[in-house]
Every structure is written in structure tokens, then in C-alpha cells.
């Protein structure tokens, strides 16, 4: 009967003739066709989910372009090639080391609660629960963490150190953290295997990585910048900050919009699947597709609220409407909402973004006070706002949304301010502490060792001349000196004023803008 097609005429022919044999044949026919239909539906569901995950992966990977443009615009023109190359290498080296080791350490199952130990070099992939799209999605997250760190040490770091730390971060440090909180075997994961104990009966809810991605990258950058020290001229002899402005606000804005675009894969895509109903069957709104849309909404609201709060907050402080500050505020709101984006109401995202803006402003003030130099505010933005985001999820997670995002454990804790008690918040506080401890214990010694070996910071002469000329064979921009042409025209070509004078490292620059 398996070769028959399901049709009214075929079924009528079987049922019109009396006899148990034909009745049995009819039943077999119907059952076989229903089974085939169910299998086809399952295949279609898998295909839809895989397409959704791949599309989300492409959006997250597009964030690398955003990082590259943001970094390029935030540094001086003489270091543009260097920072662009480091962004390319974050993705390239990260791909190789995450393929060889990182994915296995993060999701190699079955494993213990600390580290995975299967799927090295994707051996045994694809397998049930682990297909190629999932690997690619997780790789895009890993290189995002490495990209955060590179911004903290821009304009003064040897190229070899980028290769070393990026490989170590994406191949070992980050995967261990993602195993703890995102793998079904992880000791603190909210989605642990059904018979495994949950931390405080809850597990950590860090849905898309305020802690796992942003805190890891931010704390690694913090240690790197602390050990390396500030750029020459960033603070005067009295310890007062001197602005070393990036050369292109255009690139900063372009990069910020690209990151905004990519965040719609970063947060909503972390559901991994979309074709899942929460019941009842046939409801157009009670499904994961609606939760994906709500997550995109909370992401948008938090980022926009933080941007506007930063706009007016910095206006009160400085008297200026500063687009660079607004872009950083926008990204700070996104970093903060990432932990709770899927489990909070849109109104709570307003609170998340508002507080994130002041967290960023406060940490930037502390950075200046303690002469900490981070050209992209990466540690303050990703580390500081990411930490607030982890706390925010423990405060505002809604019961209904928690049980939808993390099914199978009815009655689990949810946000403190939503009536769910303090156990989720306690678990998330533990996450903050262990991430800070783990990254400090691994990346801190690595940067210190590189420093002691003379592999971390470039020479003062190279720093003043610019890394593009001294390390990368030329400048990022072709331009003419105004004085070299005697005032003549270059046919409408690109014009910039060249700076030929050298500055003694012991002197404070007289200008905050240098080409």
C-alpha cells in the first residue's frame, strides 16, 4: 500500500467493497499516508528551523562588519589598517580554533559540567541535536567576544599578541563559559538535562549572552588595557584626560547601524528554532514565532531608550549633542538587554535601557578618574552594561516567558520584581562572579606574560608614527599635503592635511586630533 497516493477516489474504492480484508487495507492505507504526512511535516519544520538559524547566523556574522567600521572610525587615521586587520583576524583565527577545539569544549556532549569533550574538529557532526548550522551560529558568537577585546587595546598593541589572545579566547576561554551556561551538561545552565540539578532550582538565565559574550569580551579587554597602559598623550602630566578622537564619525555611525542590524540575529536567533507551538494548536500568536518577534521588540526598545538617555545625559554634562556618545549608549542598551531579551515584557526593556545608559556614563567617569584608556569604551560598555543586563534578567524575568523559553520544569523561579523570589537573581549573581573570576584567571595572566615577554605593546616611536606606516606598509588613505601643491587643485581629489612633525613621547600633544 505504500506506493499508493492519498486520494479520495483511491480511498473510496477500498471502502466501497465489503469485507474485513478491504477494511484492513483501508486502515493501512490511511495510516501510511498520515505517517508519511507527519514525516514530511517534520522535515519541513526542520528545514524552516535550519533556515531561521542560518539567517540569524548571517546577521550575527554581519556584526563583524559593524565592529570593523566602529573600530576604524574610533581610532586615528594612522591606525586604521591595523584595527581593520585585527577584525578580519578575529573572524579568521576564531573560525579555525573554534572548529578545532572551541565547539567541542562548549557543546561536546555527553560531558561533565565543566567542559565538553566531543566534536573536536566537528567529528561526529552532524548528529541528533548538533548540525552544521548550530556550529556556525555559535562560532559567530565566539568571534564577537574576541572583537570586543580588540577594541580595548587599539592603537598600541603588537600584531602578534592579537593572534595569540584571539586564538586562546575563542578556542578555550569563551567556550568554557558558554558550556557552563548554555550547554545541556553545563553546571549552571537553565536548560540542563531533565534529571540534572539546577543551580538554586533555577539555573542562570542569560538568554543571548550579556554575561557569556559581553562580560567575557569586556573583562578580557579590561585586563589587557590595564596591563598595557594608556596611549601616549591620553592623559597629561597632571592626570587630566586629553581627547584622542577617532578620525571618522561617519564610520562610527555606520558601524553602529550594522551592529543594530546584526543584533536582530543575535538575540531573536538565540531561540535556535522558530516553528514551535506553545498551544493550543492553530493559534496564530501562541508560538515561538511570536516570542521571536517580542525579543526583537525588547531589543529595539532597550537600545533606543539607552541612546536617548545618553543623548540628554551627556548634554547635561558637556553641553554638546554628541553622536559618538549616543552610538555607544545605543550599543550599551543592546548589550544589557541581551540576557533577558526573551523573558521580559517590552515595558521592562525601557528600564533596562535607561539604567544601561547611566551605567556606561558612570563607568566612563571612573575610567577617566583612574586613567584607564579604552579607545572604544569596550570594557565599560560590554563589561559594565553586560553585568547590569545579567542582574536585570534576574529582576524582571516573567514567569510565562521563562517557562516558554526554558520548558520542562514547571514552577521554576523567575524575576524577583515579578514575584518569583530571589533564586534566579542569586544564580545570575553567581554567573557574574564566576565569569569575572574565570576570565581574570585566564586572560589576565596571558596578557601579563605577553607584556613581560615584550610582545604586547609597540614602541613609543611606532605608536607616535602610527601602526599603519610602521607595521602594515602604508596609510589607509591616500591624501595630499596642502602645502606640497603650492595651493593648486588636485582635480577634486580627496584632500587631508598631513602632519609631518614627530612628537616627543614625553610631551603632551597640543591637539586632540591627529591624522
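Note: Cβ is positioned from N, Cα and C throughout, glycine not excepted.
Features of the protein shown, as given by TrEMBL:
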DOMAIN    52-477  domain 'Ammonium transporter AmtB-like'
TRANSMEM  51-75  transmembrane segment
TRANSMEM  96-120  transmembrane segment
TRANSMEM  132-150  transmembrane segment
TRANSMEM  162-182  transmembrane segment
TRANSMEM  197-227  transmembrane segment
TRANSMEM  248-266  transmembrane segment
TRANSMEM  347-367  transmembrane segment
TRANSMEM  425-450  transmembrane segment
Positions on the same chain near the transmembrane segment (162-182), where near means CB under 8 A and six or more residues out: 86, 89-90, 93-94, 96-98, 100-107, 111, 113-116, 138, 141-143, 145-146, 149-150, 188-191, 204, 206, 211-213, 216-217, 220, 224, 431, 434-435, 438-439, 442-443, 446-447, 450, 455
Positions on the same chain near the transmembrane segment (132-150), where near means CB under 8 A and six or more residues out: 50, 53-54, 56-57, 60-61, 63-64, 67, 71, 83, 86-87, 90-91, 94-95, 98-99, 102-103, 106-107, 122, 125-126, 162, 165-166, 169-170, 174-175, 178, 209, 212-214, 216-218, 220-221, 224, 266, 269, 272, 378, 382, 443
Beyond the flanks of the transmembrane segment (248-266) by at least 6 residues, Cβ under 8 Å: 55-63, 65-74, 77, 141, 144, 208-209, 296, 299, 303, 323-324, 327, 330-331, 334, 338
Remote residues contacting the transmembrane segment (197-227) - C-beta distance under 8 A, at least 6 residues beyond either end: 141, 144-153, 157, 165, 169, 173-174, 177-178, 181-182, 187-191, 266-267, 270, 335-343, 372-374, 378-387, 389-390, 393-394, 397, 402, 405-406, 409, 412-413, 423-424, 426-428, 430-432, 435-436, 439-440, 443-444, 447-448, 451, 456
PLDDT averaged over every residue in the domain 'Ammonium transporter AmtB-like' (52-477): 94
